[in-house]
Amino acid sequence: MVLRFITSGESHGKGLIGIVEQMPAGVEIGEEDINRELQRRQKGYGRGGRMKIESDRVEIFSGIRNGYSLGTPISYLIRNQDFENWQEIMATGECKRHEEKIVNRPRPGHADLAGAMKYNQSDMRNILERASARETAARVAAGAMFKKLLESFNIRVYSQVKSIGPVQVKTWQVNEQNWQDLREKVDESPLHSVDTEKEPLMREAIDQARSKGESLGGSFEVGVIGVPPGLGSYISWESRLDSQICALLMSIPAIKAAEIGEGIANSAEPGSRVHDEIFYSEEGGLHRKSNRAGGIEGGISNGETVWARAYMKPIPTLYKPLTSVNTKLWQEEKADIERSDICAVPAAAIVGESMLAFAIARAFLEKFSGDSLDEIRKSYTTYQAYLKRVWKWEKI
């Protein structure tokens, strides 16, 4: 079996539950490691009132003892503090106040209508509660564990916002030397950006959207430093690392496009200005001077930083709602309004880190499989020696 995880829970239910399977034994994981990542997700200028209620903290139920993974399934819970206000609406038994929060005017752009048609639900709350981005808190908790696994092999994950609405911002070209600096800067920024000069413009765009009852999307970059060559494969479509990464990024609510490296810009350029040339020197071995490919060629990691961009549409809940249809009365009305963020791009970047960490961790374990961290480390050390001996690969 391969590394996998599953989540469950509703936005206003008792909490979110997750299970991580096939995590090798011996990975150092603590609740505080996970809580730090959960706190990063909750930050961001443009978040809604829910973040004033929730203070996400994980409770690990199984799979970890004395601070280390056991190799058994890791189960965990994140309680929803807001459930106190929804107990009689989201009860698993009789919902005494069920009628108060019925949703039958689907929001354009949300799962409301399509989900209700698929699952034959007249009350679309039964759809939106699970489709809500609240679920991503459970993903970030799992992602914290995948990051701890990768960090055991000096593989680091990062993210940075690329745009908020129409405001495009500068990003860093990230490497082993500046990774920590970038992490500190984006975590200090309410927009998760290194471009302090453009921060007022981003804030202004969000404030204007709020005043108009609008929402804003944007884009972010995620990357992994220290990925060895050889993860993923060209042998079959599902084994290509780039296809796995894009699928995982687009599983994040509201993400409507993803690219590996400079994929979109590269489509308009001649090949001579796109492909990353290969160089060799006695000191540096095989190396590249550019990384427009995003660290993946032929579906396989090539030893450069693996990086991607994801593009987020504006959140579907608008405080000046669009036209919809009341599916009980069958007449046009304005869509329902749910408490929501104005802009969640900074938070989505943290979720993107988790999804990318999962993709790389899964591919890493497929390549260097083992039941314990020590067993995997032996396999990886042997592979590193092979790369250096046969392929003059010095980035070890």
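Numbering starts at 1 and runs along the chain as it is shown here.
The backbone N, Cα and C atoms fix where each Cβ goes, and this holds for glycine too.
Bear in mind that the values here come from a model prediction, so they are computed numbers and not experimental data.
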Please pick, from Arg139, Arg288, Arg339, the residue that Swiss-Prot records in the FMN site together with Arg130, Ala131, Ser132, Gly298, Lys313, Pro314, Ile315, Pro316, Thr317.
-> Arg339
Quick note, Arg130 (FMN binding site) and Arg47 (NADP(+) binding site): C-alpha atoms separated, nearest Å, by 19
Give me the largest Cα to Cα distance among Arg130, Ala131, Ser132, Gly298, Lys313, Pro314, Ile315, Pro316, Thr317, Arg339, the residues the record lists as binding FMN, in Å as a whole number.
-> 44
Can you grab the distance from Ile315 (FMN binding site) over to Arg47 (NADP(+) binding site)? Cα atoms, rounded to a whole Å.
-> 11
Please name the residue among the binding-site residues Arg41, Arg47, Arg130, Lys313 whose C-beta has the most neighbouring C-beta atoms within 10 angstroms.
-> Arg41
Based on DSSP, name the secondary structure state of Ser132 (FMN binding site): helix, strand or coil.
-> coil
